[in-house]
Amino acid sequence: MHSPRCFLSRADIFSKPGLLPWCARKPPGWSQLFLGSACKGNFTHVIAKKCQRGQKSQKKPSHLGPLDGSWQERLADVVTPLWRLSYEEQLKVKFEAQKKILQRLESYLQMLNGVSVTTAAPKSKGLCCLLHPIIPSPVIDGYRNKSTFSVNRGPDGNPKTVGYYLGTWRDGNIICVRSNQLKNMPEKHNQVAQYYEVFLRQSPLEPCLLFHEGGYWRELTVRTNSQGHTMAIITFHPQKLTQEELCVQKETVKEFFTKGPGAVCDLTSLYFQESTMTRCSHQQSPYQLLFGEPHIFEDLLGLKIRISPDAFFQINTSGAEMLYQTVGELSGVNSNTILLDICCGTGVIGLSLAQYTSQVLGIELVEQAVEDARWTAAFNGITNCEFHTGRAEKILPQLLKSKEDGQLIVAVVNPARAGLHHRVIQAIRNCRAIRTLVFVSCKPQGETTRNVVELCCPPNSAKKLLGEPFVLRQAVPVDLFPHTPHCELVLLFTR
C-alpha cells in the first residue's frame, strides 16, 4: 500500500521543462477560454477554439446532413474543447484558469468578508496561498471508466441514435451524435453504445425522447475497470407496460447481449432500471441484474475496491491515484488523529489512509456506495473504519459531538458540484478539534467559492459560524480530465 510520502515534491513528476509552470503563459494563438451553449439553427458552439490572429471564424451549417466526420468533430469541440492542443498546452491553459480562480477567491475574501489573507506561510505571487504546479494525468486518451450515452434523433433524423447531445433543449435543436471521435472515450464504451443502437433499431418499441411524449428506451451507462471488465446499465421508461410485457423486454435485451450481435461486447454484467424520472437512485427504482456479476472491482493504492452500479468513483482511475496521494500528503494524518471523510463515495480516500490514522469516519449519501466501502474494508482487513449512510448535514453534527474527547480530527471533503450544505460548513467551523481540512473541488469556480468564504470568514453568530476561521494555505490542481477545461483543485486549510 502506498504511504502518504512527500508526493508533491517528487522531482521525476515535474521533470519536463515547461510542462508544469508556476506561472504559465497562455499558449500562443489562443483566444480566451469561454463557455457557451448552442444557438438556434447552429447545433454546436465551440467552447474553446484555437484562433490564429486575424483568422475569421467560419459559420457552421444550420441544416441537418448525413452523419459524417464533421458532426463528430463538432461534438469533440463541445465535449472535449482542448482536444486539438498538445497535452503540454492543455496543462498551461488549465493552470492559468486555476490561478485566476484563486485570484478571484482572494478578492471575495477581502471585499465581501473583510478577511485578512496575509500570512507568514509561503504563497505564490499575487495569491492568498501557495499554488503548486498542476499534476498531470498519467493517461491522456481513453481514460474514462464511466460514460452515459443518451438516445435521441441523430443528424439523419433517426430517433434511435445513441451518443452525446449537441444543441440545447431550450432552443429545440438537440441532435444526438455518436461519440467515436471523443479522445477521452475508451473504445469499449463506444462499442457497447454502438451495439445498443443496433438493438434499439431492431426493437419494435420507440425510444423515450421526452417523458410526456411516451416511448420506452432511454440512456445507457457503461462502466469499465483496468482489468477490462464491463458493466452496462440500460434505463427504461415502463409507461403502462404490464410486468409480463416488461419481462419480455428484459429477456430480449439480455438475449441480444449474451447470444445475439451484442455478445461481441463481452459484458461482465448487464443491469436494467425502470425509471419514470430523469434520474432514479437504486432506492427509488432498484437496478435489476439481468446477467453477470453484480459488481466490478478496481485495484487502487494497494486496495481492491468494489464498485456498484450506482456508486460514485472518479472517472479517471490512474488520475484518481494521483489525486488521493495528494490528499494523503496534504492531510498530514498520523496515529493520533481521526480522519473524517465527508462525501466519501466508495470510501477510497479514508481506506487508503486508514493504516496511518487512529480511526476513519466516512459519510456518504448513496447507500450502495457505503455498502461497497464496508465490503472493501472487510476484504482488505481494515478494521478502524466506520461508514455512515445519509446526508452529511444531518449526520455530521451528531457524529462530531460524539467525538469531542480532545483527539484532533483531520477532515477531508469531496463534494459534488453543488458544494457542501451550509450546515456541514457550520459543523466543521464549530468543531474545535478540526484543525486541518482538505477540500477536493471538481468545480472551484462554483459553489466551492461560497463554501470557502464561509470557512474563512470571521465568526458570524447570525450564520452560526462561531468557530475560529480557517486559513487557505495551499492549492494543488490535479488533472483528471484531459482534453476538457476541467480539473480537480485540492485546497488545504488550517487553523
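Think of each number as a place in line: the chain as shown, counted from 1.
Backbone N, Cα and C define each Cβ position, glycine as well.
What TrEMBL says about this one:
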{"type": "BINDING", "residues": "Gln314, Glu364, Asn414", "note": "S-adenosyl-L-methionine binding site"}
{"type": "DOMAIN", "residues": "334-434", "note": "domain 'Methyltransferase'"}
{"type": "ACT_SITE", "residues": "Cys442", "note": "active site, nucleophile"}
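Overlay of TrEMBL feature records on the structure.
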residue: Gln314; record: S-adenosyl-L-methionine binding site; contacts (Cβ under 8 Å, 6+ apart): Ala320, Leu323, Leu480
residue: Glu364; record: S-adenosyl-L-methionine binding site; contacts (Cβ under 8 Å, 6+ apart): Cys343, Cys344, Gly345, Gly347, Val370, Ala373, Phe387, His388, Thr389
residue: Asn414; record: S-adenosyl-L-methionine binding site; contacts (Cβ under 8 Å, 6+ apart): Asp341, Ile342, Cys343, Cys344, Gly345, Ile349, Val440
residue: Cys442; record: active site, nucleophile; contacts (Cβ under 8 Å, 6+ apart): Ala416, Arg417, His486, Glu488
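For the domain 'Methyltransferase' (334-434), the model gives a mean pLDDT of 90. Site extent for S-adenosyl-L-methionine: the farthest pair of Cα atoms among Gln314, Glu364, Asn414 sits 15 Å apart. Residue counts for the domain 'Methyltransferase' (334-434) by DSSP state, with H, G and I taken as helix and E and B as strand, are 41 helix, 24 strand, 36 coil. Neighbours of the S-adenosyl-L-methionine site: apart from Gln314, Glu364, Asn414, residues of the same chain with C-beta atoms within 8 angstroms of the site's C-beta centroid are Phe312, Phe313, Cys343, Cys344, Gly345, Thr346, Val348, Ile349, Val440.
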